[in-house]
Amino acid sequence: MAAVTAAAVSLSSSHAAKALASPTGAAHFLSYRPRAARAAIRAQVSTTDTAAVEAGAKPKKVSKKQEEGVVTNKYKPKEPYVGKCLLNTKITGDDAPGETWHMVFSTEGEIPYREGQSIGVIADGVDKNGKPHKIRLYSIASSALGDFGDSKTVSLCVKRLVYTNDAGEVVKGVCSNFLCDLKPGADVQITGPVGKEMLMPKDPNANIIMLATGTGIAPFRSFLWKMFFEKHEDYKFNGLAWLFLGVPTSSSLLYPDEFEKMQAKAPDNFRVDYAVSREQTNALGEKMYIQTRMAEYKEELWELLKKDNTYVYMCGLKGMEKGIDDIMVSLAEKDGIDWFEYKKQLKKGEQWNVEVY
């Protein structure tokens, strides 16, 4: 039985050894090595898999993620699970541009989700046509054990959507306002869980780079709780978790106290860098967006991205990925690598995972 605690462990990884351990790993390792080195390494690839390919058999793809036993779509819109709101609290400052709330719902263990999955929520009431509201998907912000450590709750991180349209009318997002206004004891209709794209890597020695804007932090909070606040018999994180979080103001920072505790418990295994766009600038006086902050560590990040045990996860605003591409193109070029082709290989190897909106 996993218990909520904390464990700081030291970094350890061997890129070359892991790359040669399987044909898939070796192929990725070869993609950025000189020709002579590639030839030497190919000679060591398993002859069993080579023979299978030559015989016309398609090698079975083995996921690098924690997919075993993952459940999807247990609850559907026509028959949702009805949980109860246990906790709902605003986690941004009063002067922040917009409100973000952290909420915890009861599941009684009936929604067996994993870190990186999402759930759907159906707001109470009906739409303008008199039909039930459509589901809205939200990334889960808690580990599989939940915030209370008993596997009987699920948590969300939700920003209240309020904006003025072209006609000057104030528009409120149906589901986000429903959720942010929930009082403890209220019922919540939940569907899911869904998704496998953002599941954590199996490798406990992995380098995990997490890029988030605003409430895109949700899946990474779930990752980080499992890594640093919990103890599991079958999982002990020994790698590097590096979080980049972009927000407009310091009063918009989400879960900073939790991340501070994680750093104190595991200083060699957890790094966090914030990009506060309305308050910070870089050396050139440019606004500090997430890609601007990453550019300060671009060489170090590129070296990590050349390792077969590095995984990138991105959650938040769409524009973030283009900004990262702009950083990496020139760095890859110096090594004679086409960044966009390289990124395709990362995606194929489940090492580049994106959930943007």
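In case you wondered, yes, glycine gets a Cβ from its N, Cα and C as well.
Summarising the annotation, TrEMBL assigns domain 'FAD-binding FR-type' to 78-200. Over the domain 'FAD-binding FR-type' (78-200), the average per-residue pLDDT in this prediction is 96.
The NADP(+) binding site feature in TrEMBL is assigned to Ser139, Lys159, Thr215, Val247, Pro248, Ser277, Arg278, Lys287, Gly316, Leu317, Glu355. There are 23 other CB atoms within 10 A of the CB of Thr215 (NADP(+) binding site), with all protein chains counted.
The number of other Cβ atoms within 10 Å of the Cβ belonging to Glu355 (NADP(+) binding site), over all protein chains shown, comes to 18.
Of all the Cβ atoms in the protein chains shown, 19 others lie within 10 Å of the Cβ of Pro248 (NADP(+) binding site). In sequence order, Gly116, Gln117, Ser118, Leu156, Cys157, Met198, Thr215, Gly216, Ala218, Pro219, Cys315, Glu355 make up the list of same-chain residues 6 or more apart from Ser139 (NADP(+) binding site) whose Cβ falls under 8 Å from its Cβ.
Using DSSP to sort the residues of the domain 'FAD-binding FR-type' (78-200) gives these counts of helix, strand and coil: 7 helix, 51 strand, 65 coil.
Local packing around the binding-site residues Arg278, Gly316 was summarised as the count of other Cβ atoms within 10 Å of each Cβ; on this measure the leading residue is Gly316.
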